[in-house]
Amino acid sequence: MSSKVNLFICLFILHLCAAASVRGHNIGIYEIKKGDFSVKVTNFGARIISVLLPDKYGKIGDVVLGYDTIEEYKNDTSSFGAIVGRVANRIGGAQFTLNGTLYKLIANDGNNTIHGGSKGFSHVIWKVSKYEKDGSNPHITLIYHSADGEQGFPGDLLVSVTYALKDPYKLSVVMKAKALNKATPVNLAQHTYWNIGGHTSGDILSNVIQIFASQITLVDQHLIPTGALSTVKNTAYDFLEPRKVGSQINKLQNGYDINYALDSSAKMKHVAIVYDKKSGRVMDLQASARGVQFYTANSLIKKGKGGYVYQPHAALCLETQGFPDAVNHPNFPSTIVTPGKNYVHKMLYTFSIKKY
């Protein structure tokens, strides 16, 4: 059978699966569980909607922000827990040129595009392709077919994410993408809002964080990268040594919302470590991406789970990613994926307890 026929059959099957899901509103909630460690996911936006684990007293708590109902996620504008794409973060002017063709995107952040457009991957129904709730290998894999021209992006793209629980208290996230017929930018990010003290514990300003990056990508007033990198030394962005999130936040206009260029060149890089003294919980993040967006939920005001109202700085996001607006900055590491060369983005969260 020819490769063209294979491609046609693949696209046809994906189209039928996507159409069936939309027609049937086939949205569900799926739990993966290992002992007293559990994660709940919905296939609407491939979102993490809860992470339950013990604190230093053995009390189980939910450490991610979210909602009680799927309807609230449908109306969500904060990307709670979602896989965002086709291109996470911002694209300046909502356009880019690739192989001599100008592509105009859906602008949903002033004149710019953010997180894939007005209907990015966070607001579509993904198909569950594999699911094992518990046992030795709890995991779930979700897939989505992004059509040529969706939100202005070129080419058909097959995307997947696998969430898996590992021993002890480890959450693995593996995002993959395959360009089926055209070169296209791909930059997927996992957008969970973390408060490891518990989602109702207030702000995260007393959390101690260390970020393994000595440079940031400078941005203009619209948070679009200028193309330049700048050292964090002697600035409020310096977390090379552990310190409280709020220790210098008052030096910034709104709070943290910036991409860090990670120092390591290893395949799996140390990204950040977060520690909450009150609960004793520690979150250690590693990833294969070149950058991480550190965001402190600066303008957040949302009624969340159980009616609890989340306020500004109620959580932090560590969105590992390619550099923002890389399609418009040739000096940034490329985010272009071509047919035959697959995209893989791995993350590993390791949770632990300090009892002192």
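A Cβ is built for glycine as well, from the same backbone N, Cα and C atoms used for every other residue.
In TrEMBL, annotation is done automatically, which means it is predicted and not curated.
The model shown is predicted, which means the values in this text are computed figures rather than measured ones.
As annotated by TrEMBL, active site, proton donor applies to H191. Look at TrEMBL and you will find E319 tagged as active site, proton acceptor. Feature annotation from TrEMBL assigns beta-D-galactose binding site to N89, R90, H191, T192, Y193, D257. The signal peptide annotation in TrEMBL covers 1-19.
Rounded to a whole number, the distance between the Cα atoms of H191 (active site, proton donor) and N89 (beta-D-galactose binding site) is 10 Å. D257 (beta-D-galactose binding site) sits 13 Å from the residue listed as 'active site, proton donor', taking the Cα positions as reference. Just so you know, of the recorded positions D257, E319, the Cβ with the fewest other Cβ atoms around it within 10 Å is the one at D257. Here H191 (active site, proton donor) is positioned 14 angstrom away from R90 (beta-D-galactose binding site), judged by their C-alpha atoms.
Across the structure, E319 (active site, proton acceptor) and Y193 (beta-D-galactose binding site) are spaced 10 Å apart at their Cα atoms.
The beta-D-galactose site in the record is lined by N89, R90, H191, T192, Y193, D257, and its two most distant CA atoms lie 18 Å apart. The most densely surrounded of the binding-site residues N89, T192, judged by C-beta neighbours within 10 angstroms, is N89. Within 10 Å of the C-beta of H191 (active site, proton donor) we count 24 further C-beta atoms, all protein chains included. In sequence order, V64, L65, G66, S78, F80, G81, A297, L300, A314, A315, L316, C317 are the residues near Y193 (beta-D-galactose binding site), counting only same-chain partners six or more apart with C-beta under 8 A.
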